[in-house]
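Structure first, then comments.
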């Protein structure tokens with residue numbers, strides 16, 4: 001049996017402001033830093049250790065990983081930073097308040113943009129300053145692979161090459177792997193691992209800063225998965241994530 005640990009970054013400044021974030025590189029709040037420290041403490045107390053970690057190229061995930069490493073005394077851990085683990089790109093919604101957007105377009109439309117599998121939000125214009133083309137962190141990524149908007153289907157297609165070419169081989173080799181990423185890049189991976197249908201994935205909500213443990217068989221098929229921590233608090237956090245895109 002293999003174990004894989006996933007963690008969504010701690011609360012970011014735009015999580016706190018209920019704004020669509022996507023590829024915008026916002027930082028953690030004080031609460032987000034505390035969530036990351038607590039995640040590291042939970043993992044340490046439960047006896048976990050790691051051989052390698054994967055994260056995105058966005059600071060809220062990177063800093064979450066730092067805090068987990070710090071609390072676990074694993075600052076030496078090899079880390080792979082990949083744009084493929086970035087949050088889903090929210091296109092022209094990037095920076096908008098979710099509740100205000102729902103009030104303007106309706107709860108149902110915003111739910112489709114946030115959680116449906118194959119309907120992306122309106123795209124950014126290529127000349128928009130939020131477009132990734134001139135960002136140095138993507139200088140080595142072919143321009144045609146850089147998104148101006150994404151649906152979850154696009155995010156799955158972006159994440160899976162990293163899983164197949166690097167993460168899965170690391171797990172199979174016996175390495176203890178930690179992935180610190182984002183709500184939708186983790187939803188994309190979980191959809192693949194658990195075989196969740198395109199319709200059912202709408203209901204999957206991942207709380208900030210809570211370790212999610214996957215136990216996998218020899219074929220890397222899930223045996224079971226579970227969150228570490230106070231289960232009632234985790235359920236409340238998941239419900240709060242689900243409510244973020246509603247007008248009222």
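Note: Cβ is positioned from N, Cα and C throughout, glycine not excepted.
As the structure is a computational prediction, the values presented were derived from the model and not from experiment.
Copied from Swiss-Prot, the annotated features are:
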- 9: active site, tele-phosphohistidine intermediate (ACT_SITE)
- 87: active site, proton donor/acceptor (ACT_SITE)
- 8-15, 21-22, 60, 87-90, 98, 114-115, 183-184: substrate binding site (BINDING)
- 182: site 'Transition state stabilizer' (SITE)
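There are 21 other Cβ atoms within 10 Å of the Cβ belonging to residue 183 (substrate binding site). When secondary structure is read from DSSP and collapsed to three states, residue 98 (substrate binding site) falls in the helix class. Neighbours of residue 9 (active site, tele-phosphohistidine intermediate) among the binding-site residues 22, 88, 98, defined as a Cα within 10 Å of its Cα, are absent: none qualifies. Set side by side, the recorded positions 11, 87 differ in how many other CB atoms lie within 10 angstroms of their CB, and the most is found at 87.
Closest to residue 182 (site 'Transition state stabilizer') in space, going by CA atoms and restricting to the recorded positions 11, 22, 87, 88, 98, is 87. In this structure, residue 9 (active site, tele-phosphohistidine intermediate) belongs to neither helix nor strand by DSSP; it is coil.
The two recorded residues, residue 183 (substrate binding site) and residue 87 (active site, proton donor/acceptor), have Cα atoms 7 Å apart. When the Cα atoms are compared, residue 98 (substrate binding site) and the residue listed as 'active site, proton donor/acceptor' turn out to be 16 Å apart. For residue 8 (substrate binding site), the same-chain residues 6+ apart in sequence whose C-beta sits under 8 angstroms from its C-beta are 181, 182, 183, 186, 206, 207, 208, 209, 210.
Remark: of the recorded positions 9, 88, 98, 182, the most isolated position is 98 (fewest other Cβ atoms within 10 Å of its Cβ). Cα to Cα, residue 22 (substrate binding site) and the residue listed as 'active site, proton donor/acceptor' are separated by 5 Å. Residue pair residue 87 (active site, proton donor/acceptor) / residue 14 (substrate binding site) shows a Cα separation of 13 Å.
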